[in-house]
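Residues annotated as domain 'MANSC' in Swiss-Prot, with sequence analysis given as evidence: 23-99. Look at Swiss-Prot and you will find 345-436 tagged as domain 'PKD 1'. Per Swiss-Prot, domain 'PKD 2' is recorded for 444-533. Annotated domain 'PKD 3' per Swiss-Prot: 539-629, in sequence order. For 630-723, the entry in Swiss-Prot reads domain 'PKD 4'. Taken from Swiss-Prot, the feature domain 'PKD 5' applies to 729-820. Taken from Swiss-Prot, the feature motif 'Endocytosis signal' applies to 1004-1007. The signal peptide annotation in Swiss-Prot covers 1-22 and rests on sequence analysis. What Swiss-Prot records for 23-964 is topological domain 'Extracellular', and it gives sequence analysis as the kind of evidence. As annotated by Swiss-Prot, transmembrane segment applies to 965-985, with the evidence given as sequence analysis.
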Amino acid sequence: MVSPPGVLSSLLLLAAMAGGSSQQCSEGRTYSDAIISPNLESIRIMRVSHTFSVGDCTAACCDLPSCDLAWWFEGSCYLVNCMRPENCEPRTTGPIRSYLTFVRRPVQRSGQLLDYGDMMLGRGSPSGAWGDSLEDLRKDLPFLGKDGGPEETAEYSDDYKELERGLLQPSNQQDPRGSAEYPDWSLLPSSDGDFNASATGDNSAASTEKLQDLTPYPLDQEQLQSLNESTWSPTPRHSEMSSMWPSSVTASPTEEGLEGEETLQLQEQPNNSSGKKVPMPSHNPSPASLESSPTTVEKSSIFTVTPWSRDPGTPTFPASTVLPGLISPSWPLSPTTSRTVKALAVSAGDNLVLTLPNGEAELKASVEPAPPADTAYTYEWSLMSHPVDFQGKIKQENKPTLHLSQLSVGLYAFRVAVSGENAFGEGYVNVTVMPAARINQPPVAIVSPQIQELSLPLTSALIDGSQSTDDAEIVSYHWEEVDGPFLGEAFLDDSPLLRLSNLDPGNYTFRLTITDSDGATNSTTAALIIRGSLDYPPVANAGPNQTITLPQNTIILNGNQSSDDHQIVLYEWFPDPGGESKEMVMQGAQTPYLHLSELQEGEYTFQLMVTDSSGQQSTALVTLTVQAENNQAPVAVAGPDKELVFPVQSAMLDGSRSSDDHGIVCYRWEHIRGPSAVEMENVDKAIATVTGLQVGTYHFRLTVRDQQGLSSTSTLTVAVKKENNSPPRAQAGGRHVLMLPNNSITLDGSRSTDDRGIVSYLWIRDGQSPAAGDIIGSSDNGAALQLTNLVEGVYTFHLLVTDSQGASDSDTAIVEVLPDPKKDGMVELILQVGVEQLTEQQKETLVRQLAVLLNVLDSDVKVLKIQAHTDVSTVIVFYVQSGSPFKVLRAADVARNLHKRLSKEKGAFLLFKVLRIDTAGCLLKCSGHGHCDPITKRCICSQLWMENLLQRYMWDGESNCEWSVFYVAALALTLTVLTGAVTWVCICCCRRRKRTKIRKKTKYTILDNMDEQERMELRPKYGIKHRSTEHNSSLMVSESEFESDQDTLFSQERMERGVLKGSLNGSARSGVSFGYYSKDR
């Protein structure tokens, strides 16, 4: 139950507050021919248009919250928010028209007294856009220097200093009178926590406006509500009267208190012999204020209390909100005796204003007078109010200093109570934490629609720019015509909406330029097409959405599905302006196909704009998603362990063999343990250097990390030993024998030994070894030498090993490569088919067909190699075996047999056309007088020897070198001579036969009675003897074969011959022979 005096004092306080709320803003002190010297970086000045007198300027300042000073300068009005006293200090100047008028506002006085500077900072700027830019102020006020103040001015030293001391800077000692006067402007906080603000209007709205003033940048409604809720805790607040005062305190509102000013109530103690007065703050807001404003501090009523009274009717006060680490105030009270308490002058320091990210502060209390020499004061700090989301740290040690950290945005009120022997005092301090300074973002101009198409008879259009955005406020819109039929300025209106009418056919382009409250601008354009005839717009089709996964970072977007009723004349690709901006490479941006490369992880949006022959356009969007590939953890490789020989004191730590699927971004070397400290260089690189090594074993750890944060570690050991080195012993592996077709081998030199370890291996091919044969990789620098493609012959390799001290040793390895025992049986079959087109199934079919042709089993045909011969032919090397045990058939016989069998087949028996069948190797002996060409498979004979042409072309056709050139030449010469002789004889015989005519043989008849004259020898004409006359001794009558000649011989004596003939005939009949005389010739 509350006592009647307490109820009466509460009613009086409410009446005083209600009376003060109705008082209006009034004019304060005025200075003529004076200016101020502000710092333009920490003051807010706004120029007001359409003011005609000093009174109008002062009225404008009264109407604007947080305006402290009305400045009339050369016919222009400027409203000033001082923020700090030195910013509004008047200075005299020359005879110019300049008047400074400070305004007075009715406020209620709070017990949490703040000095002027902190109150100005706490007020901030008014809600909305407040203050002109520095460039505009310097143009309007050219006399301001670089620091924002006048270049040469004098100060109003007396009256403004008196104003500052008496009015602007309240003293820590409270005015003992019932009220205080504030002639120029009120500097103390009102009951709702604001400073120098009008008490009229809705308290909730005023609270929101004040919170905006405390914020360096405009807040939206949600942020304001959050800040209001966090400014004052909804829990019951600490009452400034929560402690039992050691003297009687009575609430006595004065006339000034009834006019709206809340005063400090002080009353002398009747039994206090010292005569000092104890300040008693009054914190009683009106009930309406408590109910309507969420930021209003809850305070208890003030009661008349008898010191140390234990009457059950005496009211008790609510405890203050004390956070962990703070001690609730407790007062040493004696229940039986009454003592005189000495009042201490306690100051908690100036009110603080912090701006995030600075959230730390230190409060320090000072007391006057100082404690006696042998005693000390007791300090108790308590948190009176704090934001709801307060989670800061308070370091309380019952000392004069209080440490604060991790403070959030809002207002904090602290109270410190200092007590000593028969002495007590308390002080208050406010800490205001403001949000971080706002960074202005330029506005974004948005027009809707961007492209608008109309067809006659429609000639009116509307373009909406109200969707433009800004982080603060857009203050102006400006439209202008960029292209198209001229409209004139009458059609353009500087408003968010552009209304157009009576438009002529054509293409129009309008630009919208917007300006925000900070002067930043942005512009965009809108296109308007007025068509005279009906033409349907094109339909853009950018294709379906695409998704790719890294490492693939290229793709082609296809827009050729776009259509139009006439013709599309232009394709345009560009990233969607509303999407995220990522780096990429675009090619073919004005073609139907957009080539994209160097894409990164994320989502891309592209817009395709197509334009038809009449200029109509259409757009379509396509989304491309680039997904990250699965990331694997890196693999750290610190390298092999090292052994060093003292006095070597440094080593290289090589981690460059560490790997990751996306690349390693971070290396870090650490010295884990060892016999002594070492110095390391480049510990964040792949290769580090360590120095200062001593004899012993050191352990180092390498940690690698990839782009996604995955890491891996590896450990390296470095052993430093004393010098005692023996040369190494090389072992190359001895002699090895290979038999073709096996043409690969590994020579193992790892059995080489050294007392400290071999650091390098080097394999060297002997100069007399065949040049053919390949070394795989860089194995010639390793312990094992890997060889392949060896040919028939003997290879010699020398192994050279070296230890860490440079000592070396060598050894030799021999590799003998023997010919293939199946070499004589390998057949080469060339088919007209590309090697890439021959399948395994087709190969098996070919094997079966060859087995049929050769009359063997499928398993007897062994395919050794299949390789390309040309781009359109393939070589198959195989051999044929038969019998048990298996015996390889001669390649020449197999090839000859295949030739015969294939030549008998009418059609193509094999799957593919056969281009050639031959032995794989050149197997001809060449009769021991030449060698076989491995390419042409023919004998190349030695000098003086040649091929047996008969065998080559008439018999088996095998190339050979059987004939000697000498024998062939002699035989050819002999044949030539014989042929010539026979030919000459034949010619001669033919000529003689043509000159000689053969006579008929003469028939002779033996005559019995022939005289001596008649027995003369008959000779042929021209003296040629007849053979019959040489052998016949008797005369015979003959009929000459040359009757014609006889007729010719005896033609002259025809008559005589006729007589003779008659006689002869008669004689013949009678057996008498004829005679032949020479004279008859």
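Here the Cβ of each residue, glycine as well, is placed from N, Cα and C on the backbone.
Proximity of distant same-chain residues to the transmembrane segment (965-985), defined by a Cβ-Cβ separation under 8 Å and at least 6 residues beyond the stretch ends, is recorded for 944-946. Helix, strand and coil counts under DSSP for the domain 'PKD 5' (729-820) come to 3 helix, 48 strand, 41 coil.
Residue counts for the domain 'PKD 4' (630-723) under DSSP, helix first, then strand, then coil, are 0 helix, 51 strand, 43 coil. Mean pLDDT for the domain 'PKD 3' (539-629) in this predicted model: 89. Each residue in the domain 'PKD 2' (444-533) gets a DSSP state, and the totals come to 3 helix, 48 strand, 39 coil.
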